[in-house]
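**Student:** Just dropping this structure here.
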Amino acid sequence: MDLQNKPQILEHLHKSLTVTLYDCRWIPGTAKFVTLGSYARNTGCLQVYELEGPDLKTVKETEKKHSFKCGTFGASSLAERRLATGNFGGEVQIWDLENTAQPVFTAQAHASIVNAIDGCGGQAKGYGAPELATCGRDGCVRVWDVRQQDAPVAAFEPADPNNVRDCWCVAFGNSFNDNERCLLAGYDNGDVKMFDLRMNKVRWETNVRNGVCGLQFDRKDISMNKFAVCCLEAQFHVFDARTQHPKKGFASVSEKITAGATVWGAQHLPQNREVFMVSAGDGNLYLYKYHYPDQRKVKDHDGQELGVAGSVEMLNYKNISTQPVAGFDWSPDKEGLFACVAFDQAVRVGIVTKLNKV
């Protein structure tokens, strides 16, 4: 790709704050986004920002008892746009952003901090029940139906209670009809497990040898195509999920980012699933593109189908902070527009140009 046609990562707006930020999410169908974090006095901070010309306007700010760790709009309809959050007290809550005095849904999901949350089934184009998945330090992964808050609809707990691994991230996928749905979970010892929610069992598992900080399917609402797994020690892996071999599982390609920092997460572009942004612990954003191989599956000597991994190409990178980029989210409505938060207590809005040329 020549230099002229290369996508550029540009910072559009920058706002310094006095709160520690952990996550940010665009409100679907608007020019607004939500940031989630913690005030210095260990209380929760939920802020709504709006793009207004060359400025970033604070629309709403609310303080809650427990610091917020993560959030998602995945289980909410486009009409309601309700935000689901996980906090340091182990609670899952759903908020109506027009009235944040009381949550519309509360459940005690974990004994301590909710490390990650993901939602699925809320949008009109998706399939299946609107569900939230959470994971925590107790090693448990729990799935919640937003229409009932008394108990989780599924729970995957450690087999050995004496050897509990911290579960750091969860991600929904394979939700291409009303029955099928899968859930990925990543653990601090490098385990990656794929749970089949229809069968209620582990469908596949592997170990990537480094703690798993982030995971994402390229699309939630299609028959699973591929997913990214981000790790400590500057590594990430992309697994081809189309073909599962009975013994070898999914084929994968591994990549190391140059700086040697932790890879906090990978976010696939909503308008093009082959492009994804990797956020790193050195404050860099790396833009990658996945290239499929000529043949996506081959037959092994037993006649079983075996997946073939593609390759990843770094399109560009940009340093936007001196601290780790903890949260990153693409705008679902405007291609290339993104918001991100880093541990330097600042929120940034940026744009990636020329994505239509990749």
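Each Cβ is built from the backbone N, Cα and C atoms, and glycine gets one as well.
Worth saying up front: this structure is predicted, and the values here are computed from it rather than measured.
Here Swiss-Prot flags 63-105 as repeat 'WD 1'. If you look up Swiss-Prot, you'll see 109-154 marked as repeat 'WD 2'. Look at Swiss-Prot and you will find 162-205 tagged as repeat 'WD 3'. According to Swiss-Prot, the feature repeat 'WD 4' maps to 207-249, an assignment based on sequence analysis. Swiss-Prot lists 258-298 with the feature repeat 'WD 5', giving sequence analysis as the kind of evidence. Residues or ranges marked as repeat 'WD 6' by Swiss-Prot: 320-358.
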**Student:** Taking the repeat 'WD 2' (109-154) as reference, which of 162-205, 207-249, 258-298, 320-358 has the most Cβ pairs under 8 angstroms?
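**Tutor:** Answer, by Cβ pair count: 162-205.
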**Student:** Under 8 angstroms, Cβ to Cβ: which one of 63-105, 258-298, 320-358 has the largest number of such pairs with the repeat 'WD 4' (207-249)?
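**Tutor:** Ranked by Cβ pairs under 8 Å, first place goes to 258-298.
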**Student:** When the pLDDT values for the repeat 'WD 2' (109-154) are averaged, what is the result?
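**Tutor:** Mean pLDDT across the repeat 'WD 2' (109-154) comes out at 93.
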**Student:** Determine how many residues of the repeat 'WD 6' (320-358) DSSP places in helix, in strand and in coil.
**Tutor:** 3 helix, 19 strand, 17 coil
